[in-house]
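Visitor: Before we start, here is the structure in question, set down as structure tokens.
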């Protein structure tokens, strides 16, 4: 199926990803994608995790002007702990305007939230709060079904991987989800004012997730482009999206994004607060910041990045760095602290912020404002000092049953990545880690989706729960549509490589299905099973455009006359022809010899020669019957 | 400097990489590239490793029809152990022709080698042979100077990295190179009939190298395109190039490539041998193969991939695999062995092949014909059985003082990569490992330069000496010029990330120089210091095309009004203003607290709180004077 543009003023890409269809599983209708394989494969459709929402559902009618259906609203109402109230009035400064004049503004979303929900007096809406009281919410049930993807298809599956102490279950039950949320090892970010979202979990015992950043800036972008990027990024696999808009129209842009997003939306509220005080960091006040939190809470932001770990005493530790403070939020707070010679108001008012979080069920993403911005600054004193404070704040948030994840670096050479994961797990009580990259070298601007994809795959393997994507434009400019896709696909493959290495029960099914398709020359299946079917098919067609080549039993690498996979097929037929399966008997013998060598742990060349000789002997002894021509 | 096309019938890209100039260092005139920085940086030019040869030398006159100057010829002659002789006559089948009719052929290189060199009777030309007799050759001296890159600029450099037992010296002496070659831990591939090459070393105690594959196939490509790809791939950093041509015109194409290559050229001779017998694997004979080795030895091929480890008893072990045998050479030999029910002639005739290798100084690249072609097949019995045989053959080659490296996988999930490196080091006596990727997942065709770049960076860190690149077209089609560049740059950044993590003394200099340029908003320096200046500048200009933006003290991510780096600069000025440097005093105190926590290895949150509290106390106590306004 080709991409079908939706009938809306704001164009977004809709329609199923080719070769796939949307399915809804179980009583909650959990959304998944089914990739259909050629009948010749004799294989059932493969189900894959699918954050793309109704946009890839052939039966869904998409209307950007109306927003998505409110999937979770009945669940929220049923709990009886929320009240609707008259929301905060929109003010010109919310969109960076100095007065009522809206010229230079963007169109307002037709039907914004006017009567937002919040907790009734004394109530706590956080999923962690329910979990700790033993309540399994529909959100938790949805997550359990969603994460179980394919596991039921695993009959005699052998667990294989190194999980570094994670507790990945063979099967995810709603009770397991509840327990992980109660312990703080996983979060389900979903503001009651974002009922359009499909519940998802971020935690090291679940599939590794990825985040895509979008948002307009002071110098570029517009609302239509941002909504398009939202839909485009989840189409290719983004599990959450952060709106990092700066400059004007922040409020209106965010409304369009949230109303049309099936995935959790995160923001960095200090960005908008800074705009409200004309970009002068020292003019920031707790009141302006608090007002911004309420504004965004009412719109439905699911998680807030709060840089409360940037404390006054740590700031001078950055003076000797090669790249100082590179986090925008971190540097805003650093400037405020220095200008006032005061401790950060985010740190001082942390418990008041937590009160707001629990009234809407917003999760903390504790920002790493002092993360290293270069290889030279990795794992330094400023970075780890802040991490210890984030650990302290994690426990303060948990004391009020509020969900927390921790943001991580940044720029880190490979040999220093593991220490980041280990310290975070230890100091933050296994709260989910959410890292940016890390970039493993600084010398490849233009390729930082790759320098960071390397670090992302590794830290995901070590235990990071969500990876924040990096696009090819990192350090150079604002990502366009193509950059967003490349960034998302790169991070999807890194997250998947991490799931494989951790030994996630169902992760390898897709690799194996694609490998079988490759071996059988089922080109279409190979394209459809890949993370980016369009690019895979396009690359194939650049060399062999003929339609026939899609079914040809050769590829452009070897050509028709000779093909290694064809020869392997012959080897297989040959082995199959034997009265006794060749691989069971030769390999079994070889196996004994080899296993002995491997077990000895020091298979010297002498050992090897001995093993080989032994095998050759046995082989020659039995060879004649193994290789008895089928004819005879 | 822009790219200047050479004045030749076959167009290649010449001229310096922008912002750089070629320099020749020391008595041997070792080629390096100097990147010039803006005077405002107060930094000297940065020297980087440069395999691009005369093509990037503004003073060199390039003539593809004449080939490159014979840099090493005088060194070879001076040793007095070679003799020129009448080379083997060119035959139609060498180019896949059935008769004298050359229609469909490619133009012959105007001046091919007619009187090749070889060892005088009883002589051994291998660099390993000289090394073991205590002789330091000019090739070894050249390598020492080349590898020392930047080390002399390292005054108070702190070694930082995890090298997994490598022996990377602070300074590389010619004697160190000799010793590494003598031990077999490094190779210097340079056939006496390829005197145009600039000596380079492949070994785990030197910089990690990368290889690019080129070559026409039965279905595509031509000689001009291949020569262009050669020059293009070394321009961006390929340290060696393999000509994997199949189909027709193999001999002539290779002549053009070798005569114009400043880097070692590798081949897989069995490919051409197969063409000589009409593509029928079972018709291969030792005589045809031997004839092909001589043909290629006389042309100047520097290393041969020989799949001598694919032994008869191992073949049935592949029958149960998901993707069987994916190595072309491996499957050719598998088919031959099965068809004849015989042990591989490559294994049986190994010592005769070694005799040829030492007569021309050709290095072995022992092929992994049974490497896994999918995640499912990684680290299996067939793969490791072959590896043990490669270990046996390594020692047999060393017994004749012939240089060896070992080829490795393939497709391997992250948690199984290290085992590959450890087994190879153990079984092959630390002979250099030369791996393809490995790909860490199978689900991203179209992005396999990235799925494999992840594995390549990791295995390079663990000890792999050379990484064979993978392009975005892997599994799908033949790489074009753009794919080659993306593949090379991706592998350069992976190799560099590995050098950083191993703690290579000079590796971080480039990262730090680029990070300083980034922090100072020296955009041009940032572009020029990157692996791909053109792409970096292009990406920047897509958002901020104005020339002024090249010197603007902001970027498109934050815009002019607010910039985190500007704020950091203020933090730094602030700290500098203190009568006592803030970071030395606050950080020193904090340092004690933090170091105590880190040292305790179990900095619990309680510890952390204590540490933080202690620091806050000290800070408050001294705060007033730390933050004494400069004015007072």
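Glycine too: its Cβ is placed from the backbone N, Cα and C atoms.
Here the structure is a predicted model, which means the values were calculated and not measured.
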Visitor: A:213, A:271, A:307, A:327, A:328, A:329, A:368, A:369, A:370, A:371, A:407, A:434 bind substrate according to TrEMBL; which of A:140, A:242, A:458, A:509 goes with them?
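Guide: Record check against TrEMBL: substrate site with A:213, A:271, A:307, A:327, A:328, A:329, A:368, A:369, A:370, A:371, A:407, A:434, extra candidate from A:140, A:242, A:458, A:509 is A:242.
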Visitor: Which one of these stretches, A:58-85, A:86-113, A:142-169, shows up in TrEMBL as region 'Disordered'?
Guide: A:86-113
Visitor: Given binding-site residues A:213, A:271, A:371, which are under 8 Å from chain B when comparing Cβ atoms?
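Guide: Checking chain B against the binding-site residues, no residue falls within range (Cβ-Cβ under 8 Å).
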Visitor: What does the structure give for the C-alpha distance between residue A:329 (substrate binding site) and residue A:475 (Zn(2+) binding site)? Integer Å is fine.
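Guide: Cα to Cα, residue A:329 (substrate binding site) and residue A:475 (Zn(2+) binding site) are separated by 17 Å.
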Visitor: Select one residue from A:271, A:434: among these binding-site residues, choose the one with the most other Cβ atoms within 10 Å of its Cβ.
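Guide: Most Cβ neighbours within 10 Å: A:434.
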Visitor: Would you mind pulling the DSSP three-state label for residue A:434 (substrate binding site)?
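Guide: SS state of residue A:434 (substrate binding site) = strand.
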Visitor: Since the record lists A:213, A:327 as binding-site residues, which of them has the fewest other Cβ atoms within 10 Å of its Cβ?
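Guide: Selected from the binding-site residues A:213, A:327 on minimum Cβ neighbours within 10 Å: A:213.
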Visitor: Restricting to the same chain and to sequence separations of six or more, state which residues have a Cβ under 8 Å from that of residue A:411 (Zn(2+) binding site).
Guide: A:371, A:372, A:373, A:374, A:375, A:377, A:378, A:437, A:438, A:439, A:442
Visitor: Rounded to a whole angstrom, what is the C-alpha distance between residue A:327 (substrate binding site) and residue A:475 (Zn(2+) binding site)?
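Guide: One finds 12 Å between the Cα atoms of these residues.
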Visitor: Record lists A:213, A:242, A:271, A:307, A:327, A:328, A:329, A:368, A:369, A:370, A:371, A:407, A:434 as binding substrate; longest Cα-Cα distance in Å?
Guide: 20
Visitor: Taking every protein chain in this structure into account, which of the binding-site residues A:329, A:369 has the most other Cβ atoms within 10 Å of its Cβ?
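Guide: Result of the Cβ crowding comparison: A:369.
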Visitor: If we count other C-beta atoms within 10 Å, could you say which of the binding-site residues A:371, A:475 has the fewest?
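Guide: Comparing Cβ neighbour counts within 10 Å for the binding-site residues A:371, A:475 gives A:475.
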Visitor: Measuring Cα to Cα, tell me the gap between residue A:213 (substrate binding site) and residue A:475 (Zn(2+) binding site) in whole angstrom.
Guide: 14
Visitor: Tally the residues of the domain 'ThiC-associated' (A:20-83) by DSSP class, grouping H, G and I as helix, E and B as strand, and everything else as coil.
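Guide: Going by DSSP assignments, the domain 'ThiC-associated' (A:20-83) contains 13 helix, 17 strand, 34 coil.
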Visitor: To the nearest whole angstrom, state the Cα distance for the pair residue A:369 (substrate binding site) and residue A:475 (Zn(2+) binding site).
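Guide: For residue A:369 (substrate binding site) versus residue A:475 (Zn(2+) binding site), the Cα atoms are 17 Å apart.
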